[in-house]
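Okay, so here's the structure we're looking at.
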């Protein structure tokens, strides 16, 4: 089992935290365990409340069912069902930017 450094950033929220996330745990779950307050609703990859945008790195979000191919190509990620596949940086609180 690999573990990756996931950096969660959002200038407006004053967020810049790096956490270690195993490749078999969701980013949102580990962030919560570390005391980082991120938005969420369904926790099942079926809405956009937890949306973030990948700035660098790779993630696996094959469990999600909400984002379309264009949104995924643009780098959007649902943190509630995203596993890290490399060290990565994610801009959080991106639900409004999706639309």
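Using N, Cα and C of the backbone, Cβ positions are placed for all residues, glycine too.
Computed from a predicted structure; not experimentally measured.
Secondary structure at residue 80 ([2Fe-2S] cluster binding site), as computed by DSSP, is helix. Its Cβ placed at the centre, residue 80 ([2Fe-2S] cluster binding site) has 25 other Cβ atoms within 10 Å. The [2Fe-2S] cluster binding site feature in Swiss-Prot is assigned to 42, 47, 50, 80.
What Swiss-Prot records for 4-96 is domain '2Fe-2S ferredoxin-type', and it gives sequence analysis as the kind of evidence.
Between the listed binding-site residues, namely 42, 47, 50, the fewest other CB atoms within 10 angstroms of a CB are found at 42.
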